[in-house]
Amino acid sequence: MSLRGGAADDLIFYVNGRKVIEKNADPEQMLLSYLRRRLHLTGTKYGCGGGGCGACTVMISTYEPASKKIRHYSANACLLPICSLYGAAVTTVEGVGSTKTRVHPVQERLAKCHGSQCGFCSPGMVMSIYTLLRNYPEPTPEQMITALAGNLCRCTGYRPILDACKTFCKESICCQRKANGKCCCDQENYLFDKEEKVSTRLFSADEFQPLDPTQELIFPPELMRMAENQPKRTLFFHGERMTWISPVSLDELLDMKVAHPKAPLLVGNTSVGPEMKFRGVFHPVVIAPARIPDLNVVKCTEDGLTLGAACSLSVVKDVLTNAISEFPEEKTKVFCAVLQQLRTLGGEQIRNVASLGGNVISRKSASDLNPILAASNCMLSLVSRGKKRQIPLSDIFAEGVGNNTITPEEILVSVHIPHSKKGEYVCAFRQAPRRENALPITNAGMRVLFEEGTDIIKDLSIFYGGAASTTVCAKQTCSALTGRHWNEQMLDEACRLILKEIAIPGSASGEKVDYKKTLIVSFFYRFFLEVLQSLNTMDPCHYPGIPMEYRSVLQDFKTKMPQSIQIYQADIEPNQSPQDPVGRPIMHQSGIKHVTGEAVYIDDLPSVDGELFLAVVTSSRAHAKIVSIDTSEALKVPGVFDIISANDVPATNEFYYSDDPEIVICVGQIVCAVVADSDVHSKQAAAKVKIEYEVLEPVILTIEEAIKHNSFFEPKRKLEQGNVDQAFETVDNIIEGEIHIGGQEHFYMETQSVLAVPKGEDKEMDVYVSTQHPAFIQEMVAASLGVPANRIMCHVKRVGGAFGGKLLKSGLLASVAAVAANKTGKAVRLILSRGDDMLITGGRHPFIGKYKVGFMNDGRIRAVDVKYYINGGCTPDESVLVAAVSLLKMDNAYKIPHLRCWAYACKTNLPSNTAFRGFGFPQSALVTETWITGVADKTGLSPEKIREMNMYKENEQTHFKQKLDPQNLIRCWNECMEKSAYYSRKTAASQFNKQNYWRKKGIAIVPMKFPFGLGSRYLSQAAALVHIYTDGSVLLTHGGIEMGQGIHTKMIQVASRELNIPMSRIHFCETSTTTVPNACASAGSAGTDVNGMAVKDACQTLLNRLQPIINKNPKGTWNEWIKEAFEQSVSLSATGYFRGYNENMDWEKGEGQPFTYFLYGAACSEVEINCLTGDHKNLRTDIVMDIGCSINPAVDIGQIEGAFVQGIGLYTMEELKYSPEGVLYTRGPDQYKIPAVCDIPEQFSVSLLSSSQNPYGIYASKGIGEAGLFLGCFVFFALRDAVRSARNERGLKTSFVPNSPLTAEQIRISCADDFTEMVIESWGRVCSVMSG
């Protein structure tokens, strides 16, 4: 190969102030794996590997000798090749602060404001905020929100993270410091009953150390000297399979391009990186031109701005922002439109490294910049050997996909963005599944130039992205409209021409063609209005402008820093001692370790000598017989140790899903696995295993197909009360319908992780695993290996999020790793990639509810007949139980006199679905609320009246004959009505809707009853073990798992109260099968309840033993008593036990006491929708929850908010998409959108119902983990209300039953208008849209 550049160079860079010299830099190695594996800095986390979640955020600092400036920027370590870091300084979370040195103010405030729950995303959050503060020590709230757009959190719901951020902002958004604890955001002080002692502060800002910018790590002087004095030269790095060339001049680059015409130019690695990582593309040579000055040029010319092709999008954004402030408005219309697209393109971390040129050259359909750059007549400067030329950017999209305007040896040097002219109007539009950090569904760039002083079109250009496989131009439309007046006739014709010209191919990945078509005409209509309004502003006499009620659509929704308030009862008990921590908002025990990156998760455990890495090989067919498995190519990959298959399982094979081991029954079923000396090698080898299949029939993927083939898991469940058939004969009205509810991916931030370490004697094995159920792992691994359970020690320190997804599935994966460790005799590490995790593990059950409801004209519901079908996937897992629970909880808060309900778990060829927070309730209760609103539509009464009328009122029985007292339900409802000022806001919303045609507001208030219980006693038993050491310190352990819900913190609070010693004296080490055997899973919100009882029991046993000693010396200290007890041979170790709640259910009779108590709540949500695009904004949410006496209000409010935001995801955003063959398309944060900072309500209030008692819970508390998730559906019903308002105005009277998730697509298509009609007929007369 020419230009091998002889020997490889040394790669020199700094990490956290220490110099790193890498002799053998491998171009394929990313900074993330280098930090974690080579430098053992494990604070930076792997979350997705594609730059989509922010868990791996680090700060990069570079020095520019010409300007003598240091630039700090955040970046995703998972996409940064180490070779790109020559001469740079990297700061990771460890370099920001630690418990050993000092904790940085960012870390301290994030932890003390309760901004970490499972803690896995916290280091990334810290780095995003820290980098912002390095550049702007007093940022604005807008800058803070922007800095976090690229970071995802699945636990907290973001509010506490933003609370921590606010404390750094210049204009403090909230007077957290007001003495009485009331917040300025809360104009509702009159709502507090003066008698009640309430508190609204979960943290005290007075304790925070100040931010001192002088205390930060300096930029290494050696790197400055290197940059200034060393002559720049080309760098070569050779890896195992790939060569990296980094030239320093344009001439050199052109030589390289001739020598390697196929080598891609790589700047930010945001396009080439994901292709190599996720699509198997391989490049033997890459050229990195970022160090070439000509490609980084920024200059103002007479007619615009010229920007080098290697400029990052952040640089472009800053340059445009400055230009807009300096030039007259008339000249900056193009700049404004480009800047608008840049604001939402990717997250900050992506924009900081992605280059302008890369965006243009890759010609990706999803580029938000190309359509607007093409429409604005931007010019490209191209250079090749001996030749320079300039072409309009639009040329590279002229012929569509097959275009080859730019030859392989040409280099894009710069992009010229022109000033706008007089009489020229430019706009850019986009619609994405999530407003920020999401690839667009469709976007557009449009420009019109008028003949001087008229509204006659002189030049028009319209470009769309997301419509075909690259950016497309509506060329014929533009030429047909030239010379026309800018009026309704033109609009009408334009829309038809566009629909005719822009062909949108039906795509495999489930994108709806109709929605895209509707968007492309809606965007043009929006452009039409924008221009009309601008013409009117310029010359009101000649141009009419647009009607008032259309104007609001010209503003896009913006993300604002939310205002929030949390209200809880301050004084739990009148005479509580100040030392007693119960009932106080105490920080998570691991909070500081989360934010410093010192908290250890499974993949952070140091490597064991000789350990191997396991990669799984999964089935690519949904139902097939394996004909052959060819592993010969895989075994040739360097570093491969062995292939593990079913034949290697010594005993029970838990992996056979069917009687025949040769048959696969879903895509993603594990067929075999590869173990190798590194994760890279094991993955490369796994990709080379070839499997031949013989396809079997039938392939059943959907619930409808399962019903058709009668494919169900047994037993089917049924509950009935009253006389349903007779009741239907006596009612005034009957409605029938069905609703479809999509599934949901758990998206815990830490993927499934196992480390299996054989001990080498007696067949013992240590299994470190991220699970909710260590005892089950122990049992399953022991069964697979054919050894007694006492040889398998299962350890769990903490789990990076679980939500039900780390129960049974973790057992299968742990067994795979254990079988491999058993066969090889070496430690085996199995860390699933995000894509594999999503493919293999299943999630929440998709659901269809079919209902028939009989009611009286006054709204009283008399009879209900419902059938629930859930998609269980290919194995039983928990599906029958989920179906049963959905029946038991389906009544939500309503008394239904005559009721019949059935639940069927469908057996299909999808990966097996499993437990997920809420466990059937979020689906069946949504069905119930759907028919409640259906009854409201039919009777003409408001939904809240129907809810109020049918709610449980006095001591009654549920439909399975369990007693309940609904007094707190009614209290929550009334308090929520009052706190949310529901009626006045409802009136205001309907007033707003009368005045706005394209924007609508909706508001909904819904009650909730959530039964707590696991259905049978043995499932809620628990044990604890407490040791007191002679120095007076206490070691506590119990069977519960810490996965972000703060269970260890609460258990230490319990022990602290019982033993009457400070929390600081009590330590929790880990949950392990060696200390507490046979523990039940931490699931069903029950962890604190049951383990709390066991801890209390153990502590009381110890205190009883100590009591005689204390009585003898009442004034003694704790240490004296303990020393004395030891000397008297009193045992200082005790186990505690809780037998479980007495719960039972008799399905034959359809009655029982499956639950111990009920949680109640009510919430009100208000939203605003954009009827043209389907976008929406969550304006305000007020939640009132009855959770008894909270043990830790900070933790409990965090659980409610986090579950609520997860619920917003379930009901409005998160969509799983499969191919017709059953292959999952949505395999990471790029395709699957969970809520981000931009999705939480602008005003967010949570109140805990005061003076509520629960005689069954520990210290009168209630188990809170799951209940809050259903609250997300209040946003769903607020959206439905807004859509209904739009439909009524458009004369669509039919009842509208939205499916879940209620995405932008559904909202847009449901707000039917002339544009959706046009799309449906694509021809046919369109009434004038302007006349409304």
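Cβ from N, Cα, C; glycine included.
Note: TrEMBL annotation is automatic and uncurated.
The annotation [2Fe-2S] cluster 1 binding site is assigned in TrEMBL to Cys48, Cys53, Cys56, Cys78.
Annotation source TrEMBL lists [2Fe-2S] cluster 2 binding site at Cys118, Cys121, Cys153, Cys155. Long-range neighbours of Cys121 ([2Fe-2S] cluster 2 binding site) (same chain, six or more residues apart, CB within less than 8 Å of its CB): Lys45, Gly47, Cys53, Gly54, Ala55, Asn151, Leu152, Cys153, Arg154, Cys155, Met749.
Here the Cβ of Ser271 (FAD binding site) has 19 other Cβ atoms within 10 Å, regardless of which shown protein chain they belong to. Annotation source TrEMBL lists FAD binding site at 265-272, 355-359, Asp368, Leu412, Arg430.
All protein chains considered, the CB of Phe803 (Mo-molybdopterin binding site) has 29 other CB atoms within 10 Å. Among the features that TrEMBL reports, Mo-molybdopterin binding site is placed at Gln772, Phe803, Arg917, Gly1084.
Cβ neighbour count for Phe919 (substrate binding site): 25 (other Cβ atoms within 10 Å of its Cβ, all protein chains included). The substrate binding site annotation in TrEMBL covers Phe919.
For Glu1266, the entry in TrEMBL reads active site, proton acceptor. For Glu1266 (active site, proton acceptor), the same-chain residues lying six or more positions away in sequence with a CB closer than 8 A to its CB are Arg917, Gly918, Phe919, Phe921, Phe1010, Gly1084, Ser1085, Ala1203.
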Check: About how far apart, in whole Å, are the alpha carbons (Cα) of Ser271 (FAD binding site) and Phe803 (Mo-molybdopterin binding site)?
Finding: 32
Notebook entry, point to check: Counting across all protein chains shown, how many other Cβ atoms sit within 10 Å of the Cβ of Cys155 ([2Fe-2S] cluster 2 binding site)?
Noted result: 29
Check: Between Val267 (FAD binding site) and Cys78 ([2Fe-2S] cluster 1 binding site), what is the CA-CA distance rounded to a whole number of Å?
Finding: 15
Next item on the list: Compare the C-alpha of Cys48 ([2Fe-2S] cluster 1 binding site) with the C-alpha of each of the binding-site residues Leu265, Asn269, Gly357, and give the closest one.
Entry: Asn269
Notebook entry, point to check: Expressed to the nearest Å, what is the distance separating Cys78 ([2Fe-2S] cluster 1 binding site) and Leu412 (FAD binding site) at their Cα atoms?
Noted result: 27
Notebook entry, point to check: Of the binding-site residues Cys56, Cys118, Gln772, Phe803, which one sits closest to Asn269 (FAD binding site) when you measure Cα to Cα?
Noted result: Cys56
Note to self: Between C-alpha atoms, which of these binding-site residues comes nearest to Gln772 (Mo-molybdopterin binding site): Cys56, Ser355, Gly357, Asn359?
What the structure shows: Cys56
Next item on the list: Give me the Cα-Cα distance between Leu265 (FAD binding site) and Cys56 ([2Fe-2S] cluster 1 binding site), rounded to a whole Å.
Entry: 24
Next item on the list: Among Cys56, Cys118, Phe803, these being the binding-site residues, pick the one whose CA is nearest to that of Gly357 (FAD binding site).
Entry: Cys56
Margin query: By a 10 A CB contact count over all chains shown, which of the binding-site residues listed here is most packed: Ser355, Asn359?
Written below: Ser355
Check: Using the Cβ centroid of Cys118, Cys121, Cys153, Cys155 as the reference point for the [2Fe-2S] cluster 2 site, which residues of the same chain not in that list have Cβ within 8 Å?
Finding: Ser116, Gln117, Gly119, Phe120, Ser122, Arg154, Thr156, Met749, Gly800, Gly801, Gly1044, Gly1202
